[in-house]
Amino acid sequence: MAVKPSAMMLIPLALLLLALSSSAVAQLQVGYYSKTCPNVEAIVREEMEKILSAAPNLASPLLRLHFHDCFVRGCDASVLLNSTEGNLAERDAKPNKSLRGFGSVDRVKAKLEAACPNTVSCADVLTLMARDAVVLAKGPFWPVALGRRDGSVSRATEAADQLPPANGDVPLLTKIFASKGLDVKDLVVLSGAHTLGTAHCSSYAGRLCNFSSAYSADPTLDSEYADRLRTRCKSVDDMAMLSEMDPGSYKTFDTSYYRHVAKRRGLFQSDAARLADAITREYVQRIATGKFDDVFFEDFGESMIKMGNVGVLTGAQGEIRKKCYIVN
């Protein structure tokens, strides 16, 4: 797969960004709001329980919002900003067109503003909501260090260039993850988030027909599963049809995603690519046995902590937005 010249610059640029952000990460603390908003986590959890009780399908979109935020400009809530006249924001970039959950973030932020005005950043809100989305879907708990500040810049072009593509192979995805200070283990561990949620037909239809000059369908996709998908997905332009990323268990955070991938039944081309690399294949096959659920849960929490530290703004950097969709 050809790599764009800009992608080749990711790793050297990452070294600079990581050096600049290391002091910022050190300023994040568990209990950061203990004096200024001591009930922040309880408020977020209470609202998340209400949100997911009414709409369990939102667990995946809220987790995905955090992913898409951190991979562009770091975890600064830039993905939440609306476009303005003269600027197309991240949320309106093509890879982000299917993002959902913005209203839920606004709802939680409003509760926090009522309790602790001008105190808790949208970046921290999004990080806590992602953690609680996993916990409430029967997944692992991990401590979240807080103290992030909100960014004021959001560009659709950056999202289009920097987000990991659904058809990416492991070498490309490894470069993208490395640019954020994440390694190949983080790559295969965080892909386990695909245990939750659904995906639009357009994100995988290219695997089902006219795949290449040599193959009608993607040969890495189980043929029986491909036939089943074709009954639901008729066209790459179909934006209405949804398929479960972890069939039969898409509302529960568990390890069944890895069992599907091990059987060549991962929905995305990037899922299938996990079997083409020795390191990621070994991890997939190990977790797929069902004997190491606790290992995956611990790994996932550790990788989420690492991702939540990417490119954070702290101290006097950025701002604390009053409303997450607009700068102050």
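Any Cβ shown, glycine's included, is placed from N, Cα and C.
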Bonded to Cys324 via a disulfide in TrEMBL, from among Cys122, Cys201, Cys209, is Cys122
Of the candidates Cys116, Cys201, Cys209, the one TrEMBL records in a disulfide with Cys37 is Cys116
From Cys70, Cys201, the residue that TrEMBL pairs with Cys75 through a disulfide is Cys70
For Ca(2+) 2, residues beyond Thr195, Asp246, Asp254 with C-beta within 8 angstroms of the site's Cβ centre include exactly Gly192, His194, Leu196, Ser249, Tyr250, Thr252, Phe253, Thr255, Ser256, Tyr257
Least surrounded, by Cβ count within 10 Å, of the disulfide-bonded residues Cys37, Cys70, Cys122, Cys233, Cys324 is Cys37
Across the domain 'Plant heme peroxidase family profile' (27-328), the model's average pLDDT, rounded to a whole number, is 94
Asp76 (Ca(2+) 1 binding site) sits from Cys122 (disulfide bond) (Cα to Cα, rounded, in Å) at a distance of 8
Those binding-site residues from Asp69, Glu90, His194, Thr195, Asp246, Asp254 that fall inside 10 A of Cys75 (disulfide bond) by CA distance are Asp69
